[in-house]
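A.B. asks: Here it is, the structure in full.
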Amino acid sequence: MAVHPAPELVQPGVDTAFCRADRPRPIPAFAGGALIGLLGGLIGLGGAEFRLPLLIGPFRFRALEAVILNKAMSLVVVATALPFRAGTVPFATVAAHWPTIANLLAGSLLGAWLGAGWATKLGSRGLYRVLAVLLMLIAMVLVLGHGTTAAEPLFTGAWQIVAGIAAGFAIGVVASLMGVAGGELLIPTLVLLFGADIRLAGSLSLAVSLPTMIVGFTRYSRDSAFAVVARNRSFVLVMAIGSIVGTFVGGRLLGIVPDHVLLPILALILVVSSVKVWRHG
């Protein structure tokens, strides 16, 4: 009688349909990245929250490895997006808001380090459950927080600084645990807490995301699971390029599909993904 290995013993990058390090499948990787980037681009985001379930499901990576790969791709996408955004919001304008960036970074850098550390210490089942809950949270934020506007910041002075550090810390933890840039949380925070307009908030979120992701990525590099990046470097590069192309196309189509139609559909995708990830654990 044939004996089949338990799912937990199957190594991603060794014997899956798409993820073999010695024989990468560029077309599914590029297509998957492009589709995810397109979904994110339609609402002005990078789409990493949609890419994570794709890595866990069709591409069969285990939770921690999927998070690390998602983080690697998010880093590439954000680094590429920064110069593109300069045409919309000049670097000088972003730099002029350095107190806001520094305020959020004061919390997000620590949160990113601790979040990555917690992810490496959680058991596989526990991490799947945490990811499922966070996907559900992001679905709620998409519906309730997207398109937020604020005439005035919620707080000023010392209270704003404290709230900024606390919000940054929470966002840093979530971004590291999921391997995302955190724009879906940063943009509403910048609008509500600091009174930034939505276009400026998009650029400021990238300025906060990049160093935050570098810190989380550095923490992950200290764990043995980080080897998944080297084993699947072609896969990472191809999928990241697909994500960039998809995000660019989605950004050009921004506004074609009304938000009141698109956002519930995207939120439903995340809810279904959340349930599947929970069951995966």
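Including glycine, each Cβ sits where the backbone N, Cα and C put it.
Owing to the predicted nature of the structure, the values given are computational and were not obtained by experimental measurement.
Not my notes, these are from TrEMBL:
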- 30-52: transmembrane segment (TRANSMEM)
- 64-84: transmembrane segment (TRANSMEM)
- 96-114: transmembrane segment (TRANSMEM)
- 126-145: transmembrane segment (TRANSMEM)
- 157-178: transmembrane segment (TRANSMEM)
- 190-214: transmembrane segment (TRANSMEM)
- 234-254: transmembrane segment (TRANSMEM)
- 261-278: transmembrane segment (TRANSMEM)
A.B. asks: State the non-local partners of the transmembrane segment (64-84) in its own chain: residues 6+ outside its ends, Cβ under 8 Å from one of its Cβ atoms.
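C.D. replies: The answer is 12-13, 33, 37, 46, 48, 51-52, 55-56, 119-120, 124, 127, 131, 176-181, 206-207, 209-210, 213-214, 216-217, 220, 223, 225-226, 228-229, 232, 235-237, 239-240, 243-244, 247-248.
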A.B. asks: Short question: most Cβ pairs under 8 Å with the transmembrane segment (30-52), which of 157-178, 190-214, 261-278?
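C.D. replies: When the Cβ pairs under 8 Å are tallied, 261-278 comes out ahead.
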A.B. asks: Using Cβ atoms only, state whether the transmembrane segment (96-114) and the transmembrane segment (261-278) have three or more pairs under 8 Å that are 6 or more apart in sequence.
C.D. replies: no
A.B. asks: Mind checking which residues of the chain, 6+ beyond the ends of the transmembrane segment (190-214), have their Cβ under 8 Å from one of its Cβ atoms?
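C.D. replies: Same-chain residues near the transmembrane segment (190-214) but 6 or more away: 44, 71, 74-75, 78-79, 81-82, 85, 88-89, 93-94, 97, 100-101, 103-105, 108-109, 111-112, 147-155, 160, 163-164, 167-168, 171-172, 175, 181-183.
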A.B. asks: Cβ under 8 Å, sequence separation of at least 6 from the ends of the transmembrane segment (157-178): give me the contacting residues as numbers and ranges.
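C.D. replies: Same-chain contacts beyond the ends: 48-49, 52, 67, 70-71, 100, 103-116, 118-119, 130-131, 134-135, 137-138, 185-186, 189, 193-194, 208-209, 212-213, 215-216, 219-220.
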